[in-house]
Amino acid sequence: MFQTLYSYFWWERLWLPANLTWADLEDRDGRVYAKASDLYITLPLAFLFLVVRHLFETYVATPLAGLLNVKEKVRLKATPNAVLERFYAATSKHPKQADVEMLSKKSGCTVRQVERWFRRRRNQDRPSLLKKFREASWRFTFYLIAFIAGMAVIVDKPWFYDLREVWKGYPIQSVLPSQYWYYMIELSFYWSLLFSIASDVKRKDFKEQIIHHVATIILISFSWFANYVRAGTLIMALHDSSDYLLESAKMFNYAGWRNTCNNIFIVFAAVFIITRLVILPFWIMHCTMVYPLDLYPAFFGYYFFNFMMVVLQSLHIFWAYLIIRMAQKFITGKVVEDERSDREETDNTEEEEEVTKNGPLSNGHPVLNNNHRKTD
């Protein structure tokens, strides 16, 4: 049964144009072609990325955060309460009014105290400023290096300047060592992002991020299987061109460098819109949808690859909407914040007013803190 499924999965008509077989893509005469087995290395490399990331965040990003004066905001802790904690863990972090009244009777607290407890408890679970900074630092470093490496891989190739060259001789196109390592490193990194997404900072577009990572992994893998390597390198470099700008803007935002953050964000927004909403659909997707049909009839691989490109493009439109919303805030003079962020809640109570007057409290006692910061 396994052998039957294997043979159906690797049926040439799914992956290659008509009149071509896998035998045509066997290494010969010094020419090396993309093979599915090449991608086995990406899984151990993904776990290596997780190790490198941990070391980077510990020994590079954390000291850098100290140099940039990234400090934690003191949060008021929720008073230990077994009844409220059980409801918070098992039922809901956002109780309805009827639940609040029920919990008030069970716990012996007033309704206001219950509401305050849940606000503080939710704040305790929100990621710290240092965690956000370290994540942004790691992604900034990778995306910047990947963009530079990607440009080095493709800038001297004829298909970088003439997109019709992408399909010249397809699929009998040998793979260069630089293309091989570019693919392996990019795919390994996205595997590592997928593995760590549950522990990373969760934002409002958490589901979209999962879809993006899965779609990217499928696209990179499929383009390697079907030898869409030239198109794949162009697409990866195009995506990396704006990502490092966003991560650097986040880093400066967490460090409190508002003007620098805003200026970088404007550059990022311009690059994102030009690359993702102009170059990608009108040049790259035109190249993958129109030019191949001049050489061979459409086949399953052609439809599948372009369908995944449409999925990615849909996500770009969604994120462009969020970016434009942030740009509007910048233009109107408001602080630019990540629209995907889960904002920290505050208590509008007499106790919180006392905090404002006398400084933060920890379990009812004032905490000395001379590092006053704006809310992230």
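These residue numbers are counts, starting from 1, taken along the chain as shown.
Just so it is clear, glycine is given a Cβ too, placed from its N, Cα and C backbone atoms.
Whatever TrEMBL says is automated annotation, not expert-curated.
The feature DNA-binding region is assigned by TrEMBL to 69-129. The compositional bias 'Acidic residues' feature in TrEMBL is assigned to 344-354. The annotation domain 'Homeobox' is assigned in TrEMBL to 67-128. According to TrEMBL, the feature domain 'TLC' maps to 131-332. Annotated region 'Disordered' per TrEMBL: 338-376, in sequence order. TrEMBL lists 39-56, 140-160, 180-198, 264-284, 304-324 with the feature transmembrane segment.
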Completion exercise
Counting only residues at least 6 beyond its ends, the same-chain positions whose CB falls under 8 A of a CB in the transmembrane segment (264-284) are 163, 231, 234-235, 238-239, 241-242, 245-246, 248-249, 252, 309, 313, 316-317, 319-320, 323-324, 326-327, 330, 336
Fill in the blank from the handout: Per the Cβ under 8 Å criterion, with at least 6 residues separating them from its ends, the transmembrane segment (39-56) contacts 137-138, 141, 184-185, 187-189, 191-192, 195-196, 221, 224
Exercise for the section: May I ask for the residues of the chain that lie six or more residues beyond the transmembrane segment (180-198) and have a Cβ under 8 Å from a Cβ within it? Expected result: 38-39, 41-43, 45-50, 53, 142, 146, 149-150, 153, 206, 209-210, 213-214, 216-217, 220-221, 224, 229, 232-233, 236
Handout entry: Counts of helix, strand and coil residues, the DNA-binding region (69-129), according to DSSP
Key = 36 helix, 0 strand, 25 coil
